[in-house]
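These features come from TrEMBL:
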| type | residues | note |
| --- | --- | --- |
| COMPBIAS | 551-578 | compositional bias 'Acidic residues' |
| COMPBIAS | 602-630 | compositional bias 'Basic and acidic residues' |
| REGION | 1-21 | region 'Disordered' |
| REGION | 547-630 | region 'Disordered' |
| TRANSMEM | 67-88 | transmembrane segment |
| TRANSMEM | 118-137 | transmembrane segment |
| TRANSMEM | 144-162 | transmembrane segment |
| TRANSMEM | 168-190 | transmembrane segment |
| TRANSMEM | 222-243 | transmembrane segment |
| TRANSMEM | 297-317 | transmembrane segment |
| TRANSMEM | 348-369 | transmembrane segment |
| TRANSMEM | 381-403 | transmembrane segment |
| TRANSMEM | 410-431 | transmembrane segment |
| TRANSMEM | 437-455 | transmembrane segment |
| TRANSMEM | 476-496 | transmembrane segment |
| TRANSMEM | 502-521 | transmembrane segment |
Amino acid sequence: MDAEDQDALVRDADQPVEPPKGVINELLNVGQDDKLQGQMEEFLGPQAEYNEDEEERKYYRRKRLGVIKNVLAASVGAMIVYSVYMGLLQMQLILHYDMTYREVKYSNLGLEDIDRKMLMGINVTPIMGLLYTPVLIRFLGTKWMMFLASGIYALFVSTNYWERYYTLVPSAVAIGVAIVPLWASLGNYITRMAQQYYEYVNYKEDHVQEQKKLPKGACHKYIIVFQSVFYIVFHLSFVFAQFPMRFVLNGTLHDDEHVLYNVHSCGANISGVIPGFNTTVLKNLPRSMLLIHVESVLMGFAFLAMVIFLALCGAAYRPTEEIDLRSIGWGNIFQLPFKHLRDYRLRLLCPFFIYSGFEMLFAVTGFSLSYGVCVLGLRKLWLLIMVYGLSCSVFSSLSLCLLRLPRWVCLMGGAAVHAVLLVVLLVFSPPPKSPEYLGALLVISVLWGLGTALNKTGVSTLLGMLYAEEKERLDFVFTIYHWWQAIAIFIVYLWSHLPMRAKLSILLATLLVACCCYWVMERRLARKVPYRLPRIPRPRHKVKGYRYLEEDNSDESDSERSEDDDKEEEEEEDEEHVAEEMGAEDRREEGQDDGVQGVDSPEARRRGAEGHRREDAHVKDGVREEREGG
C-alpha cells in the first residue's frame, strides 16, 4: 500500500495544478493594465513631432494678425459711419435750403427752422462731452462704446424717413452726445492695438509676461504705423460722402447763372457764407421713391458699420483690465479728466487741439462754400470735397516719416503749409462765376488736405507716444483732445456770420499760438522738466460678482462669501486696533525709559523693536484663537 500511495503522489505531483479562476483573471488584468498604461504614456507623453516653441510662435502670429484685423475693422467702420453721416447731412441741407422743395413737400412744417435746431444740437451738445465720456467708456468698454455710437448715427439716418421736428432734432442731439465718446474710443482703441501688437511681438520678454509697464518708447513705431493706417482709411469718408451729391442731386441742380445770379463778390471780401445766394437751387424736385432708395442704401451701410464694430473689432483690454479700469470708483473716473489738465504737456497742446477742429470744419464749410461754390457754382462742390478727401487720405501716409524723423516734423510741417495757405486766402478774392479758377481752387484743396493729414495724424500720434506706457490714462487723454475739438467746432458754428478775413485771422492766430505752445512743450521735455500726472487709485477687487478674482472656494454661495468677508474684515479691524494699542503702550514705555535711562545703544533699540514685533504677533494670534474658539 505504501508503494502504491507513493506512486499516486508522484503522478499527482507531475500533473499541473489548475489555479483558481480569480487568480487567472488577476493575471490577465495585470497584463492589460500594463498595456493600457503604455498606451496612455505614449499618448500623453511628449510627441516627437511636437515643437512647443514653433506652436507658441504660430499662436502669437495669429494674435498679431488679429490686431491688424482690429485696426482695419475700426478704420473701415469709422469711415463708413462718417461717409453715411456727411453724405446724408449734405443732401438733406441742400434739399431743405431750396424754397420750392420746402413749399411743395412740407409747406407748413418749417424745415429751415428745423435745420437750424438740428445743427445747433450737433454742434452745441458736444460741449458737455467732458462730463460723461470717460464714465461711458469705462462703463461700456471701448469696443461697445464704438458700437453704440455707430448705432446712434444709424438712428439719425432712420429719422430721415419721416422728417419731423420730433424725429430730426432729438436724433441730432443724440449725435452731438455721441461725437466725443466715439472719437475718444477710436483714439484709445488704435493706441491700445499698437500696445498689444508690441506685446505679441515681444511675448518672451519678462515685462510682457509679467504684465508690467512697457519700456519708454517701446511701442512708438507701432503707434505711428497704426495711426497712419487709420487716417488713410478714414479720410476716404470725404470721398464716399459725395456719392449721393454726385449721382443723385447733381442732375437736379440749376446752372451757375441762376444759382449765383445775385452774388457779387467771393473769397476774402465777403461776410457770412455766400451773400446773395439764390434760394432756389433745384430745377426739378427729386422723386420721393428715389430719395427713399438712397436713404435705404445709406441705412444699410450704417448697419454694416455696426456689424463691423461688433463682429470684427476685438476687445481693447483684457477682462481683468476692464474690471480694474471700472474698479477705481465712478467719482474718480469723473474727476480724472479735469485732473489730467494739470499735466503741462496737455495744457500746451490745447491750442493745437482747438486748431485741429477749426481747420477741418473750415475746409468743409468755409473754403468749400465761400470760395468754391461762390466761384464755381454748386455743381462743383462734390469735386472740391472729393479732392480734399483724397489728398487727406494719400498724405496721411507721410506721417510714416516719423519712423526716421523727429516727431515735431509732422505737426510743424502741416502748420507751415496751412500758414502759407491762410496768408494766400487773406488776399485771394476771385470774382463769382469764374470757371477759370477751378485749377487754383483744386490746388488749394490738395494743399489744405496735406496740412490736415499732417495735423490729424501728428496730434493723434503725439498723444499716443506721450502716453504710450500709461494705458489706464488713454481714454482720459483722448477725451480731452476731442472735447477741445468739439469746443472749436462750436466756435466755428457761432462765427458763420463774421467777415471772411476775421475768420482767417482767427485761424492764423490760433495756429501761431499752437506752434509756440508746442515749441515750449518740446523744450521742457528736452530739459526733462517733470510733469504732473494725477494718481490713479488702486482698483478695489473685493466686489461681489467678480469671484473668480479671489483665491477662495469658487463653489461658495454669495451669502456664505459675504459672511466670511464680514468676519475677515472684523478680525482685521480688531487686530489692527489691538496692534495700535500695543504700539501706543510700547511708545509710552519707551518714552519713560528714555527719560530715566537716557539714550540707549542702537543694538538695544533694535532688540527692543524685535521684541515688540514678537509681542504684537502673539497678541494677534491670541485674538484670532479666541475668535475661532468663540
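Each residue's number is its place along the chain shown, starting with 1.
Cβ atoms here come from the backbone N, Cα and C positions, even for glycine.
TrEMBL labels come from automatic prediction, so no person has curated them.
The shown structure was predicted, so the numbers you read here are calculated from the model rather than taken from an experiment.
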Per Cβ pairs under 8 Å, the stretch of 67-88, 144-162, 410-431, 476-496, 502-521 packing most closely against the transmembrane segment (348-369): 476-496
Most Cβ pairs under 8 Å with the transmembrane segment (168-190), selected from 437-455, 476-496, 502-521: 476-496
Same-chain residue ranges lying at least 6 outside the transmembrane segment (437-455) that approach it to Cβ under 8 Å: 231, 235, 352, 355-356, 359-360, 363, 367, 371-372, 375-376, 380, 383-384, 387-396, 398-399, 410-411, 413-415, 417-418, 421, 424-425, 430
Long-range neighbours of the transmembrane segment (381-403), counting only residues six or more past its ends (CB under 8 A): 221, 224-225, 227-228, 231-233, 235-239, 241-242, 245-246, 250, 363-364, 368-369, 372-373, 409-410, 413, 441-442, 445-450, 452-454, 456-458, 461
Among the ranges 67-88, 222-243, 410-431, 502-521, the one whose Cβ pairs under 8 Å to the transmembrane segment (144-162) are most numerous: 67-88
Non-local residues, at least 6 beyond the ends, that sit with Cβ under 8 Å of the transmembrane segment (476-496): 119-120, 123-124, 126-127, 129-130, 133-134, 137, 179-180, 183-185, 187-188, 191, 272-273, 336-337, 340-341, 346, 349-350, 353-358, 361-362, 365-366, 459-460, 463, 466-467, 502-503, 506
Close approaches to the transmembrane segment (67-88) from elsewhere in its chain (Cβ under 8 angstroms; 6 or more beyond its ends): 146, 149-150, 153, 156-157, 160, 175, 182, 186, 189-190, 193, 196-197, 200, 226, 229-230, 232-234, 236-238, 240-245, 295, 298, 301-302, 304-305, 308-309, 312-314
